Amino acid sequence: MSNLSPDFVLPENFCANPQEAWTIPARFYTDQNAFEHEKENVFAKSWICVAHSSELANANDYVTREIIGESIVLVRGRDKVLRAFYNVCPHRGHQLLSGEGKAKNVITCPYHAWAFKLDGNLAHARNCENVANFDSDKAQLVPVRLEEYAGFVFINMDPNATSVEDQLPGLGAKVLEACPEVHDLKLAARFTTRTPANWKNIVDNYLECYHCGPAHPGFSDSVQVDRYWHTMHGNWTLQYGFAKPSEQSFKFEEGTDAAFHGFWLWPCTMLNVTPIKGMMTVIYEFPVDSETTLQNYDIYFTNEELTDEQKSLIEWYRDVFRPEDLRLVESVQKGLKSRGYRGQGRIMADSSGSGISEHGIAHFHNLLAQVFKD
């Protein structure tokens with residue numbers, strides 16, 4: 001039996017019929033008890049996309065990521081193997097590294113100067129030779145499962161987890177089809193926000209283009225909503241639509257088969273292949289608590305020296321498109337706590353699965369029901 005409060009139990013068939021569906025109750029977006037359940041049953045057991053492989057391409061490259069209160073360090077060893085560890089010294093718990101950059105050949109704890117090789121093994125602990133029964137095997141860094149998949153880096157805190165492909169079957173091939181240059185991408189810009197919104201609120205917003213017309217005029221000037229589809233693939237979904245050139249957003253040659261591909265990956269990552277060749281954007285979500293989500297919005301191009309047009313596009317994302325979505329989810333988070341909100345919202349899923357249908361939200365909420373079932 002589950003230890004869940006009855007207030008946080010959903011039937012297994014919740015949202016199974018999108019055309020009759022309502023959202024999960026508002027308390028699932030605001031209550032810390034729901035988030036604590038998600039920490040253990042979603043984020044500690046799922047593959048989470050945390051970076052593009054190009055950020056960790058060379059020996060000694062490292063990045064750190066914070067998710068559900070855990071700090072994780074990813075580092076490529078001198079043997080070229082990429083590994084992940086909990087970013088904590090086994091001696092007394094001090095964090096080892098911060099930010100990102102180039103690690104030295106050993107990672108030295110700033111507290112008592114314990115030193116660790118980049119494969120996680122203990123290199124040296126001061127005075128250990130004078131400590132009875134000191135066991136260096138019990139002084140190694142604790143590893144975190146890591147896989148490189150479809151050009152990106154995924155981690156999983158469950159040591160018994162199966163592969164990324166098992167969680168997201170078929171995704172890698174489809175990403176490569178949409179963006180053949182995915183392995184050649186390089187980080188061009190990152191916008192980091194500590195967003196006052198629940199992670200599911202942000203996913204909901206991504207999983208529908210019903211709001212695109214009213215809220216994203218520049219984007220809507222390029223996407224052809226009458227030639228836009230959203231297909232469900234288990235733990236991932238694909239939004240696909242043909243594009244047209246726009247002076248407000250995406251500029252490219254008329255007459256091409258340019259398109260948008262928007263991949264949502266359970267639980268909280270969004271990969272976007274734009275109509276611009278050799279470009280992707282990625283939204284990485286790192287939940288902090290029930291009403292706070294750290295987000296990295298990354299923009300990638302295949303070329304390192306950016307063109308003026310690429311710089312202008314980055315500015316449009318930074319100053320126009322990204323703030324539009326942030327305002328939406330922040331407002332929704334406030335509204336979910338209002339006495340005037342009836343607790344659940346009707347999911348606007350139509351029978352044809354049109355470009356403005358919200359059936360993607362129903363699919364997501366049905367997956368959530370499997371986490372919150374009794």
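Glycine too: its Cβ is placed from the backbone N, Cα and C atoms.
Here Swiss-Prot has His211, His216 binding Fe cation, and the candidate from Asp79, Asp119, Asp319, Asp325 in that same listed site is Asp325. If you measure from the Cα atom of His112 ([2Fe-2S] cluster binding site) to that of His216 (Fe cation binding site), you get 52 Å. In the predicted model, residues of the domain 'Rieske' (47-155) average a pLDDT of 98. Counting other CB atoms no more than 10 Å from each candidate's CB, the binding-site residues His91, His112, His211, His216 peak at His216.
According to DSSP, Asp325 (Fe cation binding site) sits within a helical segment. With helix defined as DSSP H, G or I and strand as E or B, the domain 'Rieske' (47-155) counts 11 helix, 47 strand, 51 coil.
Over all protein chains present, the Cβ of Cys109 ([2Fe-2S] cluster binding site) has 20 other Cβ atoms lying within 10 Å.
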